[in-house]
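Asks: This is the structure I have questions about; it appears just below.
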Amino acid sequence: MNMKNLYLAILYLLAASTLPFAIASDPSPLQDFCIGVNTPANALFVNGKFCKDPKLVTADDFYFSGLDKARTTESSPVGSNVTTVNVNQIPGLNTLGISLVRIDYGINGQNPPHTHPRATEILLVQEGTLFVGFFSSFPENRLFNKTLNKGDVFVFPEGLIHFQVNIGKQPAVAFASLSSQNPGVIIIGNTLFGSKPPIDPNVLAKAFQLDPKVIIQLQKKFG
């Protein structure tokens, strides 16, 4: 093989090796849906935020204060209170793919079964004892659970239903980081039984193998 052909072969191999990196998937959406429009009048950036002029950016755009303060859980029907720190609280998080929450749990309080459609979550227990877990997808439906104490860490994979329960004798506190500036949250009970407009009770009755009257009562409770 002469030098010219060798040179072309090397270029071909380099191009082939970089091809998988060039064929990348679309970025994950940061909102529930994005309807295509032909004019910008009713358009919205996919990440949900317009960018501030870099010359006007200040340190306060990257700052939030108050996560050291406990939140009351007494008024919560599930005995917990979630303080969210995402792009709506810290504008500087826009496009950075990360956010944070503080979760306060009363005695016997819980963060009920829910899912984050756009984020993996890593949770750190600061105070107390939590029983936590997540479920794998159908058909296995495996429950992965663990009892966590102060300093313990647990990961909830993106999109999977998970929960935390305070099983200690004192209030508990945890901090969690999520891999999205706007991870979203779907609380299973609230979504199914508190949807607007409400779903036909017969649909849920068949799905859960319950009397429709039970579903109607649940819809009244969550609605």
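Using N, Cα and C of the backbone, Cβ positions are placed for all residues, glycine too.
Below are the features listed in Swiss-Prot for this protein:
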SIGNAL    1-24  signal peptide
DISULFID  Cys34-Cys51  disulfide bond
DOMAIN    65-216  domain 'Cupin type-1'
CARBOHYD  Asn81  N-linked glycosylation site
BINDING   His114, His116, Glu121, His162  Mn(2+) binding site
CARBOHYD  Asn145  N-linked glycosylation site
Asks: Please identify, from the recorded positions Cys51, Asn81, His116, Glu121, Asn145, the residue with the sparsest Cβ neighbourhood, meaning fewest other Cβ atoms within 10 angstroms.
Replies: Cys51
Asks: Of the binding-site residues listed here (His114, His116, Glu121, His162), which is spatially closest to Asn145 (N-linked glycosylation site) when Cα positions are compared?
Replies: His162
Asks: Least buried of the binding-site residues His114, His162, going by other Cβ atoms within 10 Å?
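Replies: Result for the binding-site residues His114, His162: minimum number of other Cβ atoms within 10 Å at His114.
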Asks: Looking only at C-alpha atoms, tell me how far Asn81 (N-linked glycosylation site) is from His114 (Mn(2+) binding site), rounded to the nearest Å.
Replies: 14
Asks: Which of the three DSSP-derived classes (helix, strand, coil) applies to His116 (Mn(2+) binding site)?
Replies: coil
Asks: What does DSSP assign Cys51 (disulfide bond), in three states?
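Replies: DSSP assigns Cys51 (disulfide bond) to coil.
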Asks: Cβ within 8 Å of the Mn(2+) site's Cβ centroid: which residues qualify beyond His114, His116, Glu121, His162?
Replies: Thr115, Ala119, Phe134, Phe156, Leu160, Ile161, Leu178, Pro183, Val185
Asks: Across the domain 'Cupin type-1' (65-216), what does the mean pLDDT come to, as a whole number?
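Replies: Value for the domain 'Cupin type-1' (65-216), mean pLDDT as a whole number: 97.
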Asks: Can you tell me how far the Cα of Glu121 (Mn(2+) binding site) sits from the Cα of Cys51 (disulfide bond), in Å?
Replies: 26
Asks: How big is the Cα-to-Cα gap, in Å, between His162 (Mn(2+) binding site) and Cys51 (disulfide bond)?
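Replies: Distance between the two Cα atoms comes out at 33 Å.
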Asks: Cα of His114 (Mn(2+) binding site) to Cα of Cys51 (disulfide bond): how many Å, rounded?
Replies: 31
